[in-house]
Amino acid sequence: MKLCRLLLFIIPFSLVELVREVSSFNAAYRDFSPAFGRPSNTALPQRQRHLKSSQLCLASTTPPPPYPVRVAVMGGGNFGLALATVCARQGIPTTLLVRKQDIANSINSNHTHPEKMKEFVFPHTLRATTDPEECLPDATYIIHAVPVQYSRIFLDSVKDHIPPTTPVLSGSKGIETASLGFMADILKQTLGNERPYAFLSGPSFAKEICDGVATAVVIASEDLLLARDLASLLSDDSFRCFTTKDVMGVEIGGAVKNVIALAAGMCEGLGLGTNAMSGLVTRGCGEMRRLGLTLGARPSTIAGLSGVGDTFGTCFGPLSRNRKFGYRLGQGETMEEILASTSEVAEGVDTSIALVNFIKIKCKGYRLDLKFPILFGIADILEGNLTPDEGLKGIMNLPFVMENFDERY
């Protein structure tokens, strides 16, 4: 009986001390953790102030950085500018690594880009430099937004400036033609296997992001805590990040959707109408799912933002470079004429041929061209083996099959 009274006397004081310790930890964590993407002297957004203690403790297992959060963005193209804007407009010190000094000068002095998205005035917290040593060594997070086909050479040139533990978020999509590797492969081969990586994808046109139009994307990482930290860092009222551990599914969606967009553009250029376009895009998503299942991706990822979501945006959006490229092919222009008349990169062109070679190596079975007729057909068109009209007619005259035939082969 005396023991029970003693416990009743001690336990309340112990609980009080425990609550004080947890509150003290959470206050320190809130002020410094990169999970919140804010320096210690910056107020937290309303939604983050209401996180439970357990959520705060689970947000990250890495020690807090010894300085306020800084972000470096590698790649001064449209998407690099957009992701840099997402960070900078939240007050996060952000540095954009560009190639030309005149571009850096314009961004730093006038807060405008002299060549891309000239109508935008970028946040004052965004600066630019041509010197990797100026922005990479002290970055809390590094965002990679260089096109896939140029990524390996670029990363080799800057890797000595990147600390071995700095997380890298990639916004690049596609397959490298030389190695048939996705961005995850390229990053690990150039920057090492031990570094934490994440991959951002989804329907996200750069202009609309800079306009502040509502945009939803997904961040994939094998380290889900890193994905959550990055989602918290980037998300605001107009840019929402979801998370997943399915890196392969996100990478497949980001690559295949560009090829489907080329096909959709050709369909539009040939004047085949809405019925044909809808059928083509739907069957293309079926091939994306089939490839994903073969490589271990989750069907839910393919059906999500990085798969079907990004495909819809790229196939039907007026800002899509891949759709525009396909449209011009459907109108009768040659690849040489299109490439000579534009500086924009249509990732689907290189990705298409690389993807077919990748499928031939990774996928088992007889007559893979019948299991991936759209992907194989677009590659044949780009290689000059078929005209767009012949390629799309060929798809309409394939052997009769069930809509969802056996996908385990």
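Cβ coordinates are placed from backbone N, Cα and C, and glycine is handled just like the others.
Of the listed candidates (Arg290, Arg298, Arg321), TrEMBL assigns Arg321 to the same NAD(+) site as Gly75, Gly76, Gly77, Asn78, Phe79, Gly80, Ala206. Distance between Cα atoms for Lys257 (active site, proton acceptor) and Asn322 (substrate binding site): 9 Å, as a whole number.
In this structure the residues listed as binding NAD(+) are Gly75, Gly76, Gly77, Asn78, Phe79, Gly80, Ala206, Arg321; their two most distant Cα atoms lie 18 Å apart. A coil conformation is recorded for Lys173 (substrate binding site) in the three-state DSSP classification, outside any helix or strand. Cα of Arg321 (NAD(+) binding site) to Cα of Lys173 (substrate binding site): a span of 14 Å.
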